[in-house]
Structures are given as structure tokens and as C-alpha cells.
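Let me begin by presenting the structure, written as C-alpha cells, before commenting on it.
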Amino acid sequence: MTDKNKRNPREESEGNLRKLSKKRWFYPALYLCVAALIMTAVLWFQLDDSKNQANKNNNGDVVFQDDGKDAVPVNSAKEEFKWPVAKKDAVEIVTQFYDVNGSKEDQQAALVNYDHSYTQNTGIDIAAKDKKAFDVTAAMSGKVTKAKKDSILGYVVEVKHKDGVTTLYESLASTDVKPGDKVAQDDKIGVAGRSDYNKDAGIHVHFEIRKDGLAVNPVSYFKKGISSLDDVTKASNEPKGNMPEQDKSNQDNRNDNMKSDDNKMKSNDNNMNSDDKMQREDSQDNNSQGSNAEPDSTDSSTDQNSTDQGSDEGAITPPKENTPDDSGANS
């Protein structure tokens, strides 16, 4: 075989392709293959788009796939404040929020008596109608920032929400959460109990809503969202209208009276201490004079004076603590 008769592989491949292209079925088959590739690509993109649509909720908001980590529900921003109890109809408010613009009667009813002094209630105290313990639940979804036991307030739980809003749960007998936990609305926070701060309320939960640390009346924000607190400022909690000066300064007057009572007690202590000191000095002078006049009776006189001095000391009693009736009498 000569070199002229030899053909390289490329030439042979091109020759075979020319032969195939001359076949009647070649071009229809080629068209079908191209169409199949196009249809496959179209179906692929449609399937991918349907997956993306499945990741959207009814409101059009994108919902990411669960990665196994705890998270606050997506609709937490649209939640409304609820009563912090599982059964609202079974409870009642036993101590209302102290409203600076409320009537004098309402303000008196919103005072808490602790350690012989009165303080304004910065939340509401909720108790069961049957006076029994009950479950306390989250009023809104959020993150637990505090969960500890206080010797006066009982267990205290604080839940942080968005935009500087927090909710506070006090007077709990026990708690089911810890700092760092994320809770959803209606999740159990703990069980209502007693506190030394407000013994008159019995078994109850003290509930607060705060905006940037400023306490507001929770009753005014039930069934409302967080956005309803946007206009809350310190000025919004100041007394409004032309109120009598006495009504504006009830708490200040009460504190002044308490300070006055304390000063009176201290003054009484100082007076009694001064009288005691004078009695002792007189006793010592009498002992000295008796010793100079009757040297032979020094021992008996000393013993008698010691006995008298001990009797005087035993007769001194601490001042009684002023009661509300005493304070009124002193005034």
C-alpha cells in the first residue's frame, strides 16, 4: 500500500460525518437531540423556581430552612401582648399599676406596703380567683436575659424583645427558663408564688412592660404590638393637666413624712442617751461624795450604787417604732 492510499484518522472522521449527513434520517435525529436538551434545561429551571416559591410564606416573606438551632418565631414582630397566664378568665388583678394621672383613690390602691413604707406599683399583680398557684406564660416572644432567685421578690425573669422593650415576671415560686433561652409567646415561664415585697397580694405574679427601662401600664398595651410603644417617653408618664400641687407630690410628701419620722426617732434616741449619761454622771458624783464623807462605808455604798446603776440601765428601753397612728399624732 502506497502513502497516497493512506488516510489519517481526522480525514476518516470527516469522511464518515459527510456520509452520515447524506442519510435522510440524520437531520431529523439531530433536531430531536437539540430539542431534548432544550426541554431538559427548561424543566430544570422551572423545578428550581418552584423550590424557591416553597420557601415563601403566604405573606411573601422568605422563610429560611430550619438549621436545627432555636430561633424566635418569624412572626414575633407581628405579635400582640397577651396576659402572662395560661387561663385569663381564672385570674384577676389584685394590685393595679400606679398611674400618675389617675384618681387619688386609684393611686392609693396602687401603693405597695413594704418595710413600713409605701411605694408606687410599677406593674400589675395578678392572682388566681381561687387563691391557688398557676402557670405564668410569656406575654410575647423574646430572649431571656435574667432568671434568678431574689430573697425579697422571689424568682425574677426578664425577657428582652425588639426596640428596647422588655417584660418582667416577679414573685415566681419556680422558673422553667434560664438566661439565653429563646421563648415563644405562651411558653411557660414559671409558677406564681409569694414574695416578701407584697405579702398582701398572696400567691401572685408581678408583671411589667418596660420601654427603654420606663415602666408602662401593661393593661393599656394588651392586644397591641410593640410598635404601640414607639411614642413612650419619660414625659408621657408625667402628670398631665392642672392638677393640685398636693396630688402631684403625694409620693414626695410621703417620703418627707417618713424622713421626718426617722429624724424624730433619732432625736428621741439622742435625748434618752443624753438623760442616761446625765444619770450616770450624777451617780458617780454621789459615789464620790459618799466616799469622802463616810470612808468606813465605801464598800457598801459602792455595792448599793452599782445595784442602783444596774437597775437604771435595765429600766431604759429602746424607742418604739412610730406606727401610722403615731405619725399622725406627731404631725
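Note: Cβ is positioned from N, Cα and C throughout, glycine not excepted.
As recorded in TrEMBL, the features of this protein are as follows:
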{"type": "COMPBIAS", "residues": "245-267", "note": "compositional bias 'Basic and acidic residues'"}
{"type": "COMPBIAS", "residues": "274-283", "note": "compositional bias 'Basic and acidic residues'"}
{"type": "COMPBIAS", "residues": "285-295", "note": "compositional bias 'Polar residues'"}
{"type": "COMPBIAS", "residues": "298-309", "note": "compositional bias 'Low complexity'"}
{"type": "DOMAIN", "residues": "120-218", "note": "domain 'M23ase beta-sheet core'"}
{"type": "REGION", "residues": "232-331", "note": "region 'Disordered'"}
{"type": "TRANSMEM", "residues": "25-47", "note": "transmembrane segment"}
Beyond the flanks of the transmembrane segment (25-47) by 6 or more, those residues with Cβ under 8 Å of it: none
Summary of DSSP states over the domain 'M23ase beta-sheet core' (120-218), given as helix, strand and coil counts: 4 helix, 55 strand, 40 coil
